[in-house]
């Protein structure tokens with residue numbers, strides 16, 4: 001094993017992935033920045049309530065994209081190019097199906113769904129205006145987010161980042177004009193997001209067309225139940241990693257409304273934006289090293305997987321600590337960046353400081369989950385992902401909010417995250433640092 005070569009590959013995959021994941025999350029954050037400052041705190045809360053529907057689209061795209069990309073990389077590592085092409089084609093097929101089907105479904109049920117999510121009165125009107133625009137162009141974020149893992153795993157990490165960057169720049173420019181200059185409010189914010197996602201989708205498909213699509217055979221795109229089943233198994237965990245924060249938002253919004261009303265939801269919307277940025281950046285480490293994990297897993301090279309895990313673990317800890325310190329140093333500008341009312345600042349400050357303590361635990365859990373699904377130990381990965389919204393977080397939220405009110409809501413999050421990260425380290429103990437290849441093979 002040549003460590004210098006692997007280290008160079010590591011950085012060439014991880015840095016663009018971190019940037020791409022961070023940029024993918026900035027679309028909604030940019031909307032929040034412009035809407036919070038131009039329209040007001042209540043509009044910010046409206047976006048936060050509608051946000052889970054948008055996340056379902058993104059989670060499905062990322063689950064399908066990473067699930068297919070993992071299997072494609074494993075096939076490449078095993079030097080089975082025909083199988084790799086089949087996974088590639090079936091991934092694009094599923095993305096198109098999801099991009100058409102999901103928005104149609106949510107358009108049909110968006111009004112009762114928004115009520116379930118906690119939208120009432122003026123919050124409902126704002127949330128409806130925003131989400132309708134997102135759903136009408138819903139295929140664009142699905143294609144944009146779903147093709148990004150394919151680009152990364154095919155070695156086009158820089159192209160993936162450039163595509164995301166083009167979309168973000170477009171979103172910022174359009175948000176400025178639609179929200180500030182044309183006074184279009186939440187409708188304008190949603191329109192800016194969808195147009196920007198369209199830029200990402202079109203540019204990503206253009207890169208894939210030049211690199212691969214024009215040379216592929218049509219039968220690679222024909223649905224294969226065998227391939228789709230394996231893709232879905234591999235994609236369940238990354239799907240959950242994107243969706244779980246949305247479920248967390250829903251649960252926390254309900255409890256925040258109960259104990260603190262609209263003000264607590266507004267504060268939590270700002271906390272959500274900061275948390276989302278940190279989570280996506282840390283997830284970018286796992287998603288970045290995932291193609292290498294999957295390739296070396298397919299090639300049955302355990303020493304390389306050992307080395308990559310330790311390197312990425314160290315990077316994850318360093319980044320999470322830096323993020324935590326950054327929030328502590330810049331908590332005031334962070335709060336006012338989103339247009340928080342002066343009367344809510346102290347509560348917002350406390351919420352941001354408490355939840356920032358969770359960053360190191362998030363980094364550990366995200367990376368450990370990534371190595372599990374990258375090396376086809378999907379059960380361990382899915383357990384880590386889904387235990388949070390189903391068991392651990394609701395328990396701590398209900399317990400702490402009943403004891404300490406709104407402050408207990410903020411405290412529940414870091415305690416829940418450290419509990420989950422402890423479970424992750426138990427599953428990934430020093431004695432089983434690298435998943436046993438024989439066990440993984442039997443589980444396929």
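Yeah, the Cβs are placed from backbone N, Cα and C, and that goes for glycine too.
Curation does not apply to TrEMBL; its annotations are automatic.
According to TrEMBL, the feature transmembrane segment maps to 12-30, 50-70, 91-110, 130-147, 159-180, 186-211, 232-255, 267-286, 307-331, 351-374, 383-404, 410-427.
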Top partner of the transmembrane segment (159-180) among 50-70, 91-110, 186-211, 267-286, 383-404 - counted as Cβ pairs under 8 Å: 186-211
Same-chain residues near the transmembrane segment (383-404), Cβ under 8 Å, at least 6 residues beyond its ends: 236-237, 240-241, 244, 247-248, 251-252, 255, 258-259, 365, 368-369, 372, 411-413, 415-416, 419-420, 423-424, 427
Dominant neighbour of the transmembrane segment (130-147) in 186-211, 232-255, 267-286, by Cβ pairs under 8 Å: 186-211
Dominant neighbour of the transmembrane segment (267-286) in 232-255, 351-374, 410-427, by Cβ pairs under 8 Å: 351-374
